[in-house]
Every structure is written in structure tokens, then in C-alpha cells.
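Notes follow once the structure below has been shown.
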């Protein structure tokens, strides 16, 4: 038993010795192995602090990569570098905007420059020897394999095998926006623009002849340039760089103003236009593919391409485009481009697109210069000569053809000698704002302010007894076939004929009038549109005044026909003087008026005859005066001598003889200083009062007027006045504006007897000067609304006309004690109270 136990102990000891020896041997191998790796690590061209911390796998990986690089360098047949080249090598990486990477045909990174840490956050020894597919985006692997493939097939004659490579690669990046390094598991994707070529090395030349031929070594040499984000551009942009923003369809939504100096475009004219309109045609395919990569990978660099300048030629541009994503839904929002212009304008005299022809063919001078040259050019060019000139410049023909939507206006500057003046001035706009036509018909009146020649005579009217005279033509006069002298506030010297046969009236030229006005010390500004009108035959250049033109355009020319039936919200009190209800009277027809008898001289404050005249140049205003008649010889003598500057506006509505004497009625309670408001209707009212005395068969309006005028002002109730005003306003809105109506009377000029004048408070009035056959009798007509004018001016052959009562008169007047007396005001109220 003891012998068996001793044998077992011996076996145990021998096994322990063997194990110990094995452990020692393994320890020795590991130590030797470590020494070898240590020595090998120090043989690598790496810094000591890096090589001393490498594990065995990294040492082996880096050693293999080093050997491959040495093999490539030896196969390249590079000469030994001198000291100068060795010193320059350290500046290459600083000059590059990226890092260098060498890949084998399997995708192993044989070499990568040490500045990769600056752009990607990963160190050189962490990437060297690894497969590139371990650090790139999975969607880019297929494209990467295609780039690594070198096709050795037959090449067509005359063509070389394309070994150039340019593509975009998304690679892992451990750098944060603040420059810190994160874990590889949290890395983001960064777009690299990889450019380079495939290089094939033949390694058999340096190998000994042993009967074994190795395949050539293929590698891809790349320069990888990361594309900076527009928000993280560290280098400030110079004057040769401009920014632009585009929509997803590549249309400009913003452009930097520096493009004007570089390419000639204004930022405003690029907005809304596609960037493809400005690409050179030969670069469009390349840029289209680049834009596809941009939407796929987020960022691209276009490389150098040609972009068309505005006035011809092109410039070389390189663009870095970045897709900006929405932070909420991660959808693409817009595209921001940083454009680097790397050259000046090349072939600036060469046109590449239609957009460049717009700026080339556009004239430099302004539109005002063009219109001036168009109207001042007298000699006409031959059409054949013009056609020959245009054939030499075919590009200019595109500017001559009208575009869609253009308005074609035919300009005919040639005038036929046989063309009448009526046809030439057929469409001249007439500013009919002085004497207004009837509201019942649209009148075609040639006013004095229209630029009609003085030789044109008005058409003869129908019979003066026609009641439609006021509705058809209110300003045309039935006169002999003589030219009419037309006048307004502009002072003119008029020559009256010595005999009825010599009845032509001559106007002084506008040049003379303006000269006289300038020389007058108290020269006043024009007061009517007629002062801006010139004779067509006169020289417009000599009489053209800028001040007159400015005032002409300041005139109110809107209301061509103020009596048109249109609703207005204007208050009547803002348009006409206040006329109380108790001053109303029944309108009479014109045929019931009789010659007036003069009983007393007219007081200065009340004028019975409404006349219109022009005073001296110092006071060019229209006033109403009361005058008496003068003999024919005295009127002719004063007219011939041209001693009077007063211009009397007269008209001849009928052939009825006008009485030679005038008179006035007794002033009413509202006249003079007792009047609330000076009313222009007083004159006409007083004329009709005197007419009642001469016509026994007519209505006795004088008694009615006296009854109303005796009502004291303080007896009127304010409520009654307000109700009366409202009723009057409705009546005036229906019948027309009564403040235009003026009294009917005669105005004859008498030398030496000038009554005091009173300014009219209503609108401007226009009249004609007409000469009767005897040349002495003259009349004045003031136009009023057509409905009232028919009653005032309408001639009736029946002398026994019945009174015409309106619905308004029927409402407020109660006929008692005969039809001659109508109650008004308080008397009407008392009568109604008695009836009730």
C-alpha cells in the first residue's frame, strides 16, 4: 500500500513540474512576443506616445498598412526626396481643406493623413488598416464599391480609360458643434466630397524571377473635403463670394447684393427665377446630377462650373449647397448656397442665352428721352433702309415684336392736307364745367375753352321760339354767319365792326395776353379753365408756362355734367346759400314777362339785373351790375376806341325786343343787412315782381311776395324753419340745384354810369358775345336746370298762359278768395286752423 501511495505522489509532482514549465514557456513566449510588438510598434512612423499604447492587433494592423504603403511607394518609382522636398511635405496638409485617404480595392484604408482628427474627430491610428465600410453610411456602400472597381476591359481606340473619381460620401464624425469629441457609438454623419483617381502599381519589376507573377496592386487615392454647414462657416466671406437661398425647385428666394458687382445682376430681378436659367449649357448635366446628390445626402459641392453673366459671357463659380431641414418634422425646407466666384467675366461680348439679350438690347436712355426723340424727329426714314439696318442686327428683332399682352398703339404722325379741321379736332376733350347743359339730353357743345380754331362757326339753331332750346343747346346762339368772339376772365381787346356787314370779331393772341398780364403790376392767377387754353395755331413753346400747367391739373374736372341724375349725399347747405321757405314763389314762363318800367334808381345793395362782366386786370372777377341802355353811336364809338376793359357776356335766346329801361321792386325784409344770406335768386324774383305789374292776366306774385316779406324774422319758429328746410332740400334734389338759377334781365352798357358791383356767390358762368343785326341790343341769359329753364326761358306763342303749380305748391298753398292770392307761412297755418 505504501508503495502504491509513493508512486502516486511521484506522478503528481511530475505533472506539476510539467505545468510549471508550460507556464514558464508561455510566459516567456508572451514576453518575447511583447518585446517583438514593442519593437515593431516603435518601428512604425508614429509618435512615441501613440505607439507605446498600441495593442498587438493595432500594431499588426498598422504594420501591415505601413508595408502596403511602402510597397506602393516603391512601385511608384519615386526618386529619393531631397531635404527641400522633405521640408515642404509638412505644408501640404495645411494647404488642403481636407485629409488624404488611400484605399485598396477591398476598401481597406491603407493610409489616412493625421489631420483627419481635425475634420472627423477620429484619430489616424483608429482608422488606418480598417475597412472603410465600417465607418461610412450603409446607403453609400454600393456607390463606394463602384468607385473602387477598376475595369480592365478593352478600351476603344482614341479613348483613354477614365480613372478620375468624384463622389460624395457620408462618414462617421465624433465632433460636436462645440468642437468636443463624443463616443463612436454616438457619432453623426458628415458629408465628404471625395475626389481622386485610381492608381495601378506593377510590383513585378522589383521582384526576383521565380516564375510567379503577382497581380498589379490597385488603390484609390482620395482627397476628402468636408462641406461646412452655412451656420458654422469660420472663415469670413470675401468680396468674391455671395450667398443665395433657393426653394426646393431651385428658384431664388434671396440673393446677396454682391452679385451685382460680380455678375451684373440685381438681386430683385433674380427672385422667383430658377437657377437653371443661368447655367452654361455644357455644365447642365453635371449640375443636375449634383443637385440629385444634394437632396439625397444633404450637402454637395458643385465644383467649378460656368454661370452666365448679365450682359454676356460667363464666370467660373464653385458652390457649396446645403439643405436646411425643419427642426420640427425633419423635412427639407430650403437650400442655402455659398457661391465662390473664381474668375472674372470671360467672353463678355458673347451671348449664351435670351436672358442676356434683354440687357444688351435695352436702350440706355430713359423713356422721356425716347418720346422726345420720337416726336421731334422730322425726317422720315426709308422703310427699305430701315429693313437693311435691322438685318444686320437680328437680335434686335426680338425687341421689336410685341409680347403677349402688350397694348399696340398705332401712331400716325403724317397729316393729310385735305383733312378738315373738324376731323382733326373731333376727339378733343371738352371741359364743360362753366355753363352746364340740360339734364334731359347730352349736349355736344363746343365751349370757348376747347382748342377750336376761330374760323369754325357754330351750326345754326332751330327757331328761337322752340321750347326745346334749353334742352338741345343752351349756349349756341342764333346769329349771323359770323365768327363768335369767345371770352372768359382773360382780358382781351375786341374790335366791334363799324357796320353789321363787317361783323367779324377778332381775338388777341395768347402771347400778347400773357405778355400784358406779366407787365401788369397786380397780376392775378387765372380763375377759370379758359385761361389755360391756347389757340391751336399759336406757338405752344412760347406761351407754355409751368405754373399754368400745374394749376390746370389742379382744376376739378370730375363733374362734366353736374345735373346728371345721380344720388349725392352732400348737404344742400354746403352747396347753396340759405333760402327760407317763406321766400318761395311760383315760377313763371318766359312768355309772360313784359317790358319793365323804371320808376326809381336801383339801390346799391339790390341789383335787379343779373349781369356778368370782367373788371380791370387788377381785379379779374365776375360781378353783377345794374346798368341802363346807351345809344348805338356811343356803344360803337367806345368799342372802336378800345377804351373799356370790361367784358360783357351776353346771349340772344330769341328775337324779342328787350326794353331799354329797368327797375327794381321794393327791398324785402331779408334784403340788405337784414338778409340772413345773400341769395342770388333775389334778382330774378324782383324782376318777376315788376313783371306782374305789366301783365294783368298773370299771377299777382308781387302781392304774395310782399305778404311773405312782411313776416318778421323773429316770428319764425326754429322747428318750422327746420321742417321747411327739409322739404326744400327734397324738392331741390328732385328738380335740380336751384343755386345755379339766376335772374333774367337785360344788361346794356351806358358810359359814365357804373352802378356799384356785387360779387356773385355761385359757380362760374360762361357766355358768348353775339352781335345783332343792328349791333346795339344785347341780352344776358344765365343757365339754370333744365326743368326750371323750360319755364323761365321757354317761349310760348300763347300770351294767356295758365300758372303752373308743382306738387310742392299744391301741398303748401290753399287757394282761397280766388286763384290770384296764395297763402304762405303763418297765414296758411291760420287758414288751416280755421278750416279744421
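Cβ coordinates come from backbone N, Cα and C, glycine included.
Here Swiss-Prot flags 1-401 as region 'Interaction with TSGA10', drawing on experimental evidence.
Here the domain 'bHLH' (17-70) has, by DSSP, the following mix of helix, strand and coil residues: 46 helix, 0 strand, 8 coil. According to Swiss-Prot, the domain 'bHLH' annotation covers 17-70, on the basis of sequence analysis.
According to Swiss-Prot, the feature region 'Required for heterodimer formation with ARNT' maps to 170-191. Each residue in the region 'Required for heterodimer formation with ARNT' (170-191) gets a DSSP state, and the totals come to 3 helix, 10 strand, 9 coil.
Here residue 247 (phosphoserine) comes close to 253, 334, 335: these same-chain residues lie at least six apart in sequence, with C-beta atoms under 8 angstroms from its C-beta. Under the three-state DSSP scheme, residue 247 (phosphoserine) falls in the coil class. The phosphoserine annotation in Swiss-Prot covers 247 (among others).
The annotation 4-hydroxyproline is assigned in Swiss-Prot to 402 (among others).
The annotation N6-acetyllysine is assigned in Swiss-Prot to 545 (among others).
Annotation comment: Swiss-Prot describes 545 (among others) as ubiquitin cross-link.
Residues or ranges marked as ubiquitin cross-link in Swiss-Prot: 545 (among others).
Per Swiss-Prot, ubiquitin cross-link is recorded for 551 (among others).
Residues annotated as ubiquitin cross-link in Swiss-Prot, with similarity to another entry given as evidence: 560 (among others).
Taken from Swiss-Prot, the feature phosphoserine covers 564 (among others), and the record attributes it to similarity to another entry.
The phosphothreonine annotation in Swiss-Prot covers 568 and is backed by similarity to another entry.
Taken from Swiss-Prot, the feature 4-hydroxyproline applies to 577 (among others).
Swiss-Prot lists 589 (among others) with the feature phosphoserine.
Residues annotated as phosphoserine in Swiss-Prot, with similarity to another entry given as evidence: 602 (among others).
Annotation source Swiss-Prot lists phosphoserine at 668 (among others), citing similarity to another entry.
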Kindly state the mean pLDDT of the motif 'Nuclear localization signal' (728-731) in the predicted structure.
60
